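Trainee: What follows is a structure written as C-alpha cells; I'll ask about it next.
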Amino acid sequence: GPRGAMRAGVGYAGLALALASSAFIGASFVLKKKGLLRLCRRGQARAGTAAPGAHLYLREWLWWAGLLCMGVGEAANFAAYAFAPATLVTPLGALSVLVSAVLSSAFLNEQLNVHGKIGCILSILGSTVMVIHAPQEEEVSSLESMAEKLKDPGFIVFAVCVLVSSLLLIFVAGPRYGQSNVLVYVLVCSAIGSLSVSCVKGLGIALKELFSGKPVLKEPLGWVLLVCLVICISIQINYLNKALDIFNTSVVTPIYYVLFTTAVMMCSTILFKEWQHMVLDNVIGSISGFLTIVSGIFLLHAFRDVPFTPNLLPLFLQPGRADLHPPWSSADRHQSCQHQPLLPSEDKGSQSTEEEK
C-alpha cells in the first residue's frame, strides 16, 4: 500500500545519504593529505611538529576542501540515521575506508596491493548483501515514541552495562593495560559509540519534527540527547586518539570498525527492535554481509604495507618462469629424476671434506 511505498522511499533516502556520506568522508582524507603534501613540497613545517609555521596548512585551499568534504559527509551520515535503520547505516561507513584507499592509489601514488584490491571487492560485496537484507525497523517517528523506547527495561540494562564496563576500562584496565593492549581504548570508543548513535537517531527524529513545524525546542528530551551526544563524542575522540597514538592505524582501524559496528547493531536491536520482524534468511544475510565487510576491511588494512611480489605466486603463474620450466613436460620430469643426487647434501659435504683431508 501507500504506507509501505512511503517507508521504502524513506529507506532509499537513508541508503543514498549513507553512501554519499562514505564518498565525502573517504574523499576528505585524500584532499587533506594532498594539501599537507603540497605544503611539504614547498618546504613548510610539518603539521605534526611543534615548529613555528606548523599551522600553515590553514592557508592551503585543498586542506579546507577536505575539511568541507568531511563536514558534508558527517552531515549526510547524521541525516541517514533519521531515514534508515542504524543496522544498515553504520556498516556502510566502511565504504569510506574503501573510497579513501582507492583515491589514495589514484591521486597520492599510494600502492594498493593485491590484498587491498581483494579487500575492496569484499567490502563492496558485503555492503550489497547487507543492503539487500537490511532490517525494516519498528517505526519511530516522534520524540514521544523515542522516549517510550528509552524507558524500555532492556535498553536501560544495556546502557548501564555499557557505562559500567566503560568506567572499568577507563579507570581500572586503562592504566594497567592501555599501553600494551589495543582492545582497551578501542572497546571504550565502541561501547560509548553505540550510545552516541542512539542519540544521533533521536536528534535526527527531532530535526524532522522541527522542520514539520512541531514545537520540539520546548521538549527536554531533545536537549538531553544533544548533551549526551556531545559527551559521548568527546569521550570517543579522546580515546580513539589515544589508541592511534600508541598503536598502528592499520591495527586500530579494522578492530575499531568491527567492535563499533557490532556494538551499534546490538544497541539498535535492543532499542529499536530492528531484528524483531525479520525472517531467518534476512538475519543470516545481514550477518553474512557484515562479516564479508569485516574480512574486506581486514585485508585492506592488515596487509597494507606488505609487498606482494610475483615470487609468492605458484610456479606456473609466475611471469617468465612458466615458459622456461613447464611442470607438465615429460622430458623435464625424466631429466629431474636423472639429475637427482645419489647422496643427501649433508653426506656430499662430509665426503668432500674427507677428500680434502
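Cβ atoms here come from the backbone N, Cα and C positions, even for glycine.
According to TrEMBL, the region 'Disordered' annotation covers 326-357. Annotation comment: TrEMBL describes 12-31, 61-81, 88-108, 114-134, 155-176, 182-200, 221-239, 251-271, 283-303 as transmembrane segment.
Map the listed features onto the structure and describe their local environment.
Mentor: Packing against the transmembrane segment (61-81) from elsewhere in the chain are residues 14-15, 17-18, 20-36, 38, 89, 93, 96, 197, 200-201, 203-204: each is 6 or more residues past its ends and has a CB under 8 Å from a CB in it.
If you look at the transmembrane segment (88-108), the same-chain residues 6 or more away from its ends with a CB under 8 A from one of its CBs are 14-15, 18-19, 21-23, 25-27, 29-30, 33-34, 37, 73, 77, 80-81, 116, 119-120, 123-124, 126-127, 130-131, 134-135, 197, 253, 257, 260-261, 264-265, 289-290, 293, 296-297, 300-301.
Beyond the ends of the transmembrane segment (155-176), by six or more residues, the same chain brings 149, 184-185, 187-188, 191-192, 194-195, 235, 239, 263, 266-267, 270-271 to within a C-beta distance below 8 angstroms of the stretch.
Distant neighbours of the transmembrane segment (182-200): 78, 81, 86, 90, 159, 162, 165-166, 169-170, 173-174, 225-226, 228-229, 232-233, 235-236, 239-240, 242-243, 246-247, 251-252, 255-256, 259-260, 262-264, 266-268, 271; these residues of the same chain sit at least 6 beyond its ends, with a Cβ under 8 Å from one of its Cβ atoms.
Residues 143, 146-147, 166, 170, 185-186, 188-189, 192-193, 195-196, 199-200, 202-203, 206 of the same chain, all 6+ positions outside the transmembrane segment (221-239), place their C-beta atoms under 8 angstroms from a C-beta of that stretch.
Away from its own ends, the transmembrane segment (251-271) comes close to residues 85-87, 90-91, 93-94, 97, 137, 149-150, 152, 154-155, 158, 162, 182-183, 186-187, 189-191, 193-195, 197-198, 240, 243-244, 290, 294, 297-298, 300-302 of its chain (Cβ-Cβ under 8 Å, at least six residues beyond either end).
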Trainee: When you scan the chain for residues with a C-beta under 8 Å from the transmembrane segment (12-31), skipping those not six or more beyond its ends, what do you find?
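Mentor: The answer is 62-63, 65-70, 72-74, 76-77, 79-85, 88-89, 92-100, 102-104, 107-108, 131, 134.
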Trainee: Do any residues of this chain, six or more beyond the ends of the transmembrane segment (114-134), have a C-beta under 8 angstroms from a C-beta of it, and if so which?
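Mentor: Same-chain contacts beyond the ends: 11, 15, 84-85, 87-88, 91-92, 94-95, 97-98, 101-102, 105, 281-286, 288-304, 306, 308.
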